[in-house]
Amino acid sequence: MKTRHFIRIWDLKKEEALRLINRALELKRSKSWERKFRGKILGLIFEKPSTRTRISFEAAIIKWGGDSIFLSSKDLQLSRGEPIKDTARVLSRYIDILVLRTYKQETIEEFAKYSSIPVINGLSDRFHPCQVLSDIMTVMEKGKDLYKDKIVWIGDGNNVAQSWIEASALLGFKLVLACPKGFEPEEELLKEAREVYKAQIEIVDSPKEVVKGAEVINTDVWVSMGQEEDSEKRRLAFKNFQVNSNLLKLASPSAIVLHCLPAHREEEITEEVLEGHQSVVWDQAENKMWLHMALIEFLLESNYIY
């Protein structure tokens, strides 16, 4: 049997993605579950710093009765040139499921190619699929309708935005993005979303136009990890893409604001909005843990690891 991995949203079928989200909501509501993964070990290999992704995955496996092992890439022979394929095959003998947080999407794909255990993308330069599934969980939890309410993204067409595009295509809801010229999502990804999935995705360069009537407003940092050398250039390009109270006045009065955190206050989002009544970022952060519980369950049971 081929091992199931979760490297991008499109690794799932529509019904699987919805089942995962609904299972996460069920786990959060019930606060009760069987500790059915006793003896199972979740490995985490991170090339980048992390607060929410790391701790939420560790909490998730512990809640299932399992354990976790965390390593930075510097702790492994990978840092001294050992091939990824060798590391992947060895780790498959020690642990039951692996989360990777890397700079390059290709690193995760190669790990998955040689791994006999499930590999999860905990963030790469191209995608952040776990984040977006938990974001959609938050949108649904707050009573928003994916298919009727206007959902928008404001800012960089980055890894999180690209996973939102894949989710839009897979689940069939419309998505509108406001990105500065030169900072749009990958053209090939957009082409595939539109041609293969018939996705309804619109990209413009005016946040004021995009936010009109929006019920769900999503944003992220202007300078991601690894982009520090371009920070001044990026801040200049994004200066009119801040989510602030004036912009929110154009949205629906019942709009919610999401940010995957960490936030750079007074850059992509103001303190007033982040701490305001329309912000759902703290529930959004918590929901990563519940979604990760559901994802661990889905992958371990899909791969019959008992």
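Positions of Cβ are set from backbone N, Cα and C atoms, glycine also.
As recorded in TrEMBL, the features of this protein are as follows:
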DOMAIN    4-141  domain 'Aspartate/ornithine carbamoyltransferase carbamoyl-P binding'
BINDING   SER50, THR51, ARG52, THR53, GLN77, ARG101, HIS128, PRO129, CYS130, GLN131, CYS260, LEU261, LYS288  carbamoyl phosphate binding site
DOMAIN    150-298  domain 'Aspartate/ornithine carbamoyltransferase Asp/Orn-binding'
BINDING   ASN159, ASP220, SER224, MET225  L-ornithine binding site
When distances run from the Cα of ASN159 (L-ornithine binding site) to each of the binding-site residues ARG52, GLN77, CYS260, LYS288, the nearest one
CYS260
If you average per-residue pLDDT over the domain 'Aspartate/ornithine carbamoyltransferase Asp/Orn-binding' (150-298), what number do you get?
97
Over all pairs in SER50, THR51, ARG52, THR53, GLN77, ARG101, HIS128, PRO129, CYS130, GLN131, CYS260, LEU261, LYS288, the listed carbamoyl phosphate binding residues, work out the largest Cα-Cα distance in Å.
31
Cβ contacts within 10 Å for HIS128 (carbamoyl phosphate binding site), all chains included, total 26
Going by DSSP, is GLN77 (carbamoyl phosphate binding site) part of a helix, a strand, or coil?
helix
Between the binding-site residues ARG52, CYS260, whose Cβ has more other Cβ atoms within 10 Å than any of the rest?
CYS260
Of all the binding-site residues given, namely SER50, GLN77, CYS130, CYS260, LYS288, which is spatially nearest to ASP220 (L-ornithine binding site) at the Cα level?
CYS260
Rounded Cα-Cα span from SER224 (L-ornithine binding site) to LYS288 (carbamoyl phosphate binding site), Å:
20
SER50, GLN77, ASN159, SER224: which of these binding-site residues has the sparsest Cβ neighbourhood within 10 Å?
GLN77
Over the span of the domain 'Aspartate/ornithine carbamoyltransferase Asp/Orn-binding' (150-298), count residues by DSSP class, listing helix, strand and coil in order.
65 helix, 24 strand, 60 coil
Using the alpha carbons only, what distance in Å do you get between ARG52 (carbamoyl phosphate binding site) and SER224 (L-ornithine binding site) once rounded?
15
